[in-house]
């Protein structure tokens, strides 16, 4: 007896065969009662109930786990879950879905992400779990999947299919257009193929199989849809409470009125075809909205507007035909009919585009063939009505097929022809469910037959195959009985004479009827238990025992529907129609029409194939179904069983009987039993081992060994229980995660160990170098000297040994001869010695007496000097106690040696002129930031580091025992001590000695030479050798003699003036380079902590003077700069400026002049006057460091001189004048020399009459007077002046007369007055010539020449005449326009003299002696080269007359000038000589022999920079491309002679080639590593050229790894043999890029690199070929340009893709052996980087090419900002957008880079940096971002009228914008009317008049007083940020998805979501947050958004040209929101 308690559940017999669950409850009276699941009260009985298993109380996810494994348990489990809103339940891997008839929150994007990549059973049951399992298994097992969705009509199969599609599109994750096209196929198919039935509001009246294709990566790439058995009869007839297909109602409700008017359409109630079911509406559907979705889907699936319109026409024609009626008549005693007149018939005719009579005839008559003729038979009204319905069904059915084909054309992508390509797919079968209506017809039989097939597929897969597999595997198994429907299938279709076969057979008989058909079925199948025969002979219904129960079918109309035939009359009608869409729909029927019209209209011809029977509908359906079953069998299936809970389509209503019936025929009970006890998961042994061997605890399992061990079995299968498979998968994932962590741990450890080792290695390198540096430093300081001493002693020892040996040898040799003489002379010698010694003794006695007297006098003198020193000390102490004097008085006292008059030009100025300091020709000041670190460079720190011994950095007044710094030269040591005493005496730290008559015998010889120097080297204007000697003399003063002073320097025994001391100190610094460092240290030491004010100021004056004469060393300069900062007032900046100038312009060659000392006293610049040749005088400011180059540059700028070459600065004193040139000569050195010359002649320096001139010194060989009129005028004036003063002389008087006449014309034109003539004669005729001839004679001659001059009549311009005079002088007096250099010949051909003057001018080089006689003259074509050695005074001239080696003080200037003239002539030359023989077969190249003259043709076809030039062979007259390295361009502008240039000796030719290679940038290189070794194995065999072998017998075989100029004909690699055309396309661009192949049309580098690397980025096989060709062209390449271009290509190639493993090591060796090349290390680095990442997919970018062509591996990009700013940023090939954004934000000092992004403007490819995401933007928080980004980005949106704002806001904003533009300038108020569009939104300009706008804006402006432009910009943002549309990205789009919205809307994307705004009213029509956006995708001009639920979500389809921008912004906002949610 069972004891029941309250709350327990039991099973109670319901009386209907299935027990029902009931709960035990306690009544008020305390009795127990049962309340069943339906809420009924049951009374307790002793029998009739049993306890319920706990799993059945609340239900389970998987019904296999039910304890009550019976029908009641299954049914209650579904019931309980249905009540809880849980509609999905598992049965193993089979999903049972109960239709909820309501929308549940189960299909959001969150659910999609939740079920993605999860195993089945991990989460609650869901259709998404089945879809994910399909997707996961497809990718895991590489096998196609399918999902069979079955169930009754109304069970939810279509919705489940759509959900599967939605999930697969979502997990694909591409948001691609093809995904949306597949999804949008459903609305179209549902519109045409779904209808409302009594059981389902959206019943599929056709079947479809959607095969979705995936790429290897899991992305959807296409789909194909197969349709089955559309219920065409529904078009004409519907059952009660049912509707026709949706498309008709949607079209009538949603089509615009204009289109409906054209189609003459009304409401649905007006058409017979739509009202047969007395139902024109559906509560669950919005036909207007559905039509909008249908139209959107049509656009997405590429249906054109014309296609849509044609479809609407056919649908309208169907509706109009439905309203056509027939009227019965009698014709020829036969029943017939006529069409009743109506506008519907006329519209049908119009829409079908047929003839009205033809349509009427086709509908009312029927033609058929007899044996001889065609007979026409009239139809009754009933027959005509059936014919019309058949025509309508045919039109609709074929239109549906065409629509499906059109969809497939859009979504299906044919597989590639590659046989290796395997396409993966998932198939979804959504086919009509089992149907059993009150009246079932032929369509229901076909539908139920299809369901029988699917049921059998399910049974076979779940039951049969499963149990057969267990039997084969010998698994102990108890057989489970199940409901097998195989017998039903046998009766329907499998056995002979089956029902479908009988229907087909009867359909093929012309006289067959429905009655004969049913009689045959009764006869054949009447006795079976599957077929249920009719009750009597008159009954037309028969029954079939289906798996879901017995279904009775009405046989009426079976044959007609099965035949699905259309009369030939209607076929011919369609053929004659003009409607293209109608013809396309009937294309198959028209192509197979049996009758072909002949010439006789009464006669028809029957073709041979007319005997073939037309396929029946059941036959076609069976073929399609068989193909479907084959497809499903080849896939791994999944099953979804859809259950319909009730027949009323009501939510939360569960019909137990209905559900139980569905569970029974679906076989769920048997499925649960077999799934629970069976092993549904199976693997082959290899698959199982491969997948799960990770779970083994041992590593000894080798799959290959195990496979060999089990190879004896034919098939090895591992079968697993469903639960165990899930467990295995979870364990496998766990193990894989652990192994992944282990691998990560090991790899990270390896990475960090490698990094540590690299850092340790780097540290060791740093330590090694630092220790080496310290060691070398110590070595240089001590060890080097020790080494020198040791080596010197060793050499001395060797020398002594050799000397002793030599002496010994001499002694032995001479001894024999000397011994004989020795005996004879011995006595004479003794006598001589005696007399000599006596004389020496007497002299010694006298000397001792004299020395004793001198010692006594010296003692007295020392005592006297000591007394003087003590007396001076007392006087000095007394002076310090006197009253202090001012600093200026002290300075004046120090400079007391200067007279009142200062030196100047002609001695006329008494004080320096005040000049503008801005005109000073000084270098740029050092930026302030360079001084930031000077605090670290204190003088005390320097002293502690470098001073010797115990020397301190502070002031002392005693003698140093050694110099402050270490000096290797003993002379420098002695000089340092001497300078120290002079500095102490100059500063007053030591007194002057009293004696003044002592002779200075120990001055440095250089200093004495400088003090007594004469200007004997200066010559007058009439001597040609002027400049060379003067410059040699000046240069001599700067070169330190080789003699080293060993004495103590100037004696301290005599007093020296301050000027002498200054000159001595400066002189030592100029002569001794290493002493400058010491002098500055001594001065700074005496200035530091100097308490004596006079000494302090004297020291700073000395320091300031020295800073203008010589610079410190590089090591001391920063310490000196730091020391200067703390100088007294006025001296710190003055000294700093002098230091910078001296460092920039170098050391002076002379001591300071009196003019400089006076300027130093006042600390003001020196003013000098320079006289131009047109008598103008220009005053210029100079300083101690001013050079002639700076003066010339300043003069050229003042007079606007462009052609500055050859103009030089000249200095003159008395009758002497010499050139300072226009280089680095110091002007004050020349002035100092002039003052010394005056002093030598007994004058005073301050009265030196020196003068400065600016004149033309030398012409270029290509001088053109037309280039610069100012230059021509100055030269012309110089010539006229030279004629007057006799500088330029003519051989004939007539030449002077002609020049004077031209001057006459220039000055006075055609005016021939006598006064003008006198002026001209005075200007042009020298005094000596006037003495030879009278002035009147000259006047007559000049006047006559002027009157007869050709320029009078031609009225030539004066500028032209000046140019003639200048050209005459250039041709006439080349030596007078020369640059002179004194030189001595060291080697070379013999000359009359070895010391001469070198004159260089535009004609060539001339050697002159001191009397201007020409020793040698060389033209520039005869000069083949010039060389000079750095830091050497020698220069080598390589000429055709021999090579000269000259010693010259200005050797560098000679070489520079000659090299410039040679280079300029070669650049302009048109002539070249061949250095080698070139023979080419290619006509593109020019052939020539050695020594032939080549005429160069300079055009745009070939570029010299790439190593090629176009030339013409003078001998043959042919033209072609000439390699630059094969010719020598002659430096001449005229055609050279063969004798002098072309007939060169071999040695000369060899030297010319070497010089030419050096000058043209080529260098001979021997590649240490090439591809020679690689070529032996991988290169093809060399091609033998027979023609070339015949021409040249000794031609070497082709070396494929060495550079070639001709393109190769075949690929280098063997594996590419046969691709000659492709390889030529690669080789030619490489040769062109490197300059090894001449091109007439210059191609941009980007085009060439695209041609080189483009194919290789797509074809991996070409990559090695490109590497090989580039390295081949770089091997043995002597052309530097070509080699550099090759390195550029290799650099680009290494960054794009790596070579193969076989070529990699050779490439690395090729690069490593060339590490000295600048790009080799970068190539190696890029090569290693390309090995770590995937190869690039595109060729190099323009920016990369621009960078590498500038020899820079750094790539710089210009980034623009919204406020029109731009900045340059460095990027590289691996720079990411995020990194660049962070860099830009840091540089702009933005608070954060979040929300900013890079935009590319096409087609210019300009980069813009702007804000993209407007999250957390608060104006004022980041001022830089507000001004640079927020304001300029928001302003255009405001002015375009995107925001909704009030007039008050617009007025205030207008005032703010005006203030931003004009700040506080109120005078611009008048411009407001003109600029109103820049202040007010465009759509609001007419809201007020222009005057009112201006008045209101001005008033608002006045209220905003005291506001800056930046504050106004910020105020604008603060106003705008309050609006909801602030920061939105706006898009104007055209929408077609919502009829309630206007066609053109404005979409705004912001942080709130996507808003739809009315463009006119600016109302927000809808806002969709990002968490509501389920999906989106885009096409070329469309984008689609799904909002809300995946099932019933809103769809937005819009059209715009900015699709990509819209989708990008939407994606970024959506991702940002997702990330912000995930971040805690």
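Glycine is treated like the rest: Cβ placed from N, Cα and C.
Nobody curates TrEMBL annotations by hand; they come from automatic prediction.
Copied from TrEMBL, the annotated features are:
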| type | residues | note |
| --- | --- | --- |
| BINDING | 151, 152, 153, 154, 155, 156, 157, 158 | ATP binding site |
| DOMAIN | 58-755 | domain 'Myosin motor' |
| DOMAIN | 955-1161 | domain 'MyTH4' |
| DOMAIN | 1166-1469 | domain 'FERM' |
| DOMAIN | 1467-1532 | domain 'SH3' |
| DOMAIN | 1603-1749 | domain 'MyTH4' |
| DOMAIN | 1729-2021 | domain 'FERM' |
| DOMAIN | 1945-1974 | domain 'PID' |
| REGION | 625-647 | region 'Actin-binding' |
With the ATP site defined by 151, 152, 153, 154, 155, 156, 157, 158, which remaining residues of that chain have Cβ atoms positioned within 8 Å of the Cβ centroid?
99, 200, 203, 433, 642, 644
Do any residues of this chain, six or more beyond the ends of the region 'Actin-binding' (625-647), have a C-beta under 8 angstroms from a C-beta of it, and if so which?
78, 82, 91, 93-101, 127, 130, 133-134, 137, 141, 143-157, 160, 199, 209, 211, 226, 228, 427, 429, 433, 449-450, 453, 457-458, 461-462, 653-655, 658-659, 662-663, 666, 668
The domain 'MyTH4' (1603-1749): DSSP-derived helix, strand, coil residue counts:
97 helix, 1 strand, 49 coil
Restricting to the same chain and to sequence separations of six or more, state which residues have a Cβ under 8 Å from that of residue 153 (ATP binding site).
197, 199, 200, 203, 204, 432, 433, 434, 435, 644
For residue 151 (ATP binding site), list the number of other Cβ atoms lying within 10 Å of its Cβ atom.
23
Around the Cβ of residue 156 (ATP binding site), other Cβ atoms within 10 Å, all chains included, total 26
For residue 155 (ATP binding site), the nonlocal same-chain Cβ neighbours (under 8 Å, six or more residues apart) come out as 97, 99, 433, 642, 643, 644, 662
Residues of the region 'Actin-binding' (625-647) by DSSP state, where helix covers H, G and I:
9 helix, 8 strand, 6 coil
Taken over the domain 'PID' (1945-1974), the predicted model's pLDDT averages 88
Tell me the Cβ neighbour count for residue 154 (ATP binding site), meaning other Cβ atoms within 10 Å of its Cβ, over all protein chains shown.
23
Residue counts for the domain 'PID' (1945-1974) under DSSP, helix then strand then coil, are 3 helix, 18 strand, 9 coil
Give me the DSSP three-state residue breakdown of the domain 'SH3' (1467-1532), ordered helix, strand, coil.
8 helix, 26 strand, 32 coil
